[in-house]
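According to TrEMBL, the feature transmembrane segment maps to 12-31, 51-71, 83-101, 107-124, 154-180, 192-208.
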Amino acid sequence: MGTASNLKRAAVSFLVPLPSILFYLYFINHYKTSTVDGTTLSPFWSWCVDHPLLLVNALFFFNVNVLFWIISQIQKSHWMIDLYWTVIPMLLVYYYATYPLAQYNLWRSRIVIALTWIWSLRLTHNYFRREKWQWGVREDWRFTDMRGQYGKNWWWISFFSVYASQQMFLVGICLPFYIVHSVDKPLDVWDFVAVAVCLCGIVIAYFADTQLHEFVTRNDKLKELGKPTVPNLDRGLWGYSRHPNYFGEQLWWWGLVIFAWNLGHGWAFVGAFVNSMCLAYVTVLVEQRMLKQEYRAEAYRLYQKTTSVWIPWFRSSAFARKDKDT
């Protein structure tokens, strides 16, 4: 039964983006055919050609906001949006790169696409490793908390809080992809700075998530043996930052902003900024959740006093010595 459910969720995951993909492929083919034949596009297709940002938002609304939400009501879980955070940016970068009016430096495009592949594979690997290689076993704990908070109204509130909000975040933080494929300018030193920032973010997030996974795995084994668990992870990158995985993820998105800024479109920072503000709020929620767990509350309070929140830094010496003595 478990295997059948897992396969069913996997099938849904592969099929759900097909409406947008098929529509877009038909649109591109129709545009190319009309260009070769010299025929005039209908008002609808002309609108699609002239408004790439509006079109991508329309596709997101119907395929993600509406379809994902309907599926979540059937499955009684919002697990799929968590998985597609790793996929949608990949779809968006190819959308902008293949758009009829796209113009760009080929090498910059290849670099950004390659970086996005690396980022997506890392995050996808982390998702499945965390979920023990299962599809959609659980939804994000924040959605579960909101389900309990809003009760019988959650079915309609979830459309806005889970899906409509994701449209703003995902389309917003991917705006640099649009800029990269809208401006044809030779590569310069700032492109390589952007590459370095993006790669640093990916590497930091990878090691932070791996250390967290190993910590959780060790604690699970200790529980099975009936031994006391370690209350808090404060080694490796986690000895310099309470949320190094968040820091790495933010470096990735702000690295993309550097690409856009270098092309004369610094306004594209707005998506990364909103995402950072949201993650700051999530950080507060995560830490409140940690403090509610009695077995780790005291250790975590000390951890908060000694260790930087996001940006890695050396631990506070006074509190660190006290921690060591304890």
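Using N, Cα and C of the backbone, Cβ positions are placed for all residues, glycine too.
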Long-range Cβ neighbours of the transmembrane segment (154-180) (under 8 Å; 6 or more residues past either end):
52-53, 56-57, 60-61, 64-66, 68-69, 72-73, 78, 81, 85, 88-89, 92-93, 96-97, 104, 108-109, 112, 116, 143, 146-147, 253, 256-257, 259-260, 263, 265, 268, 270-272, 274-275, 278
Can you say which of 12-31, 83-101, 107-124, 192-208 has the most Cβ pairs under 8 Å with the transmembrane segment (51-71)?
12-31
I need to check the long-range neighbours of the transmembrane segment (192-208): which residues 6 or more away from its ends have a CB within less than 8 Å of a CB in the stretch?
111, 115, 118-119, 122-123, 126, 236-238, 241, 244-245, 247-256, 258-259, 262
Quick test of the contact rule: Cβ under 8 Å, at least six residues beyond the ends. What residues does that give for the transmembrane segment (83-101)?
13, 17, 20-21, 24, 28, 31, 49-50, 52, 56, 60, 64, 68, 109, 112-113, 116-117, 119-120, 123-124, 127, 135-136, 166, 170-171, 173-174, 177-178, 180-182
In terms of Cβ proximity under 8 Å, which residues at least six beyond the ends of the transmembrane segment (12-31) contact it?
41, 45, 48-49, 59-60, 62-63, 67-68, 71, 80, 83-84, 87, 91, 95, 98, 100, 135-136
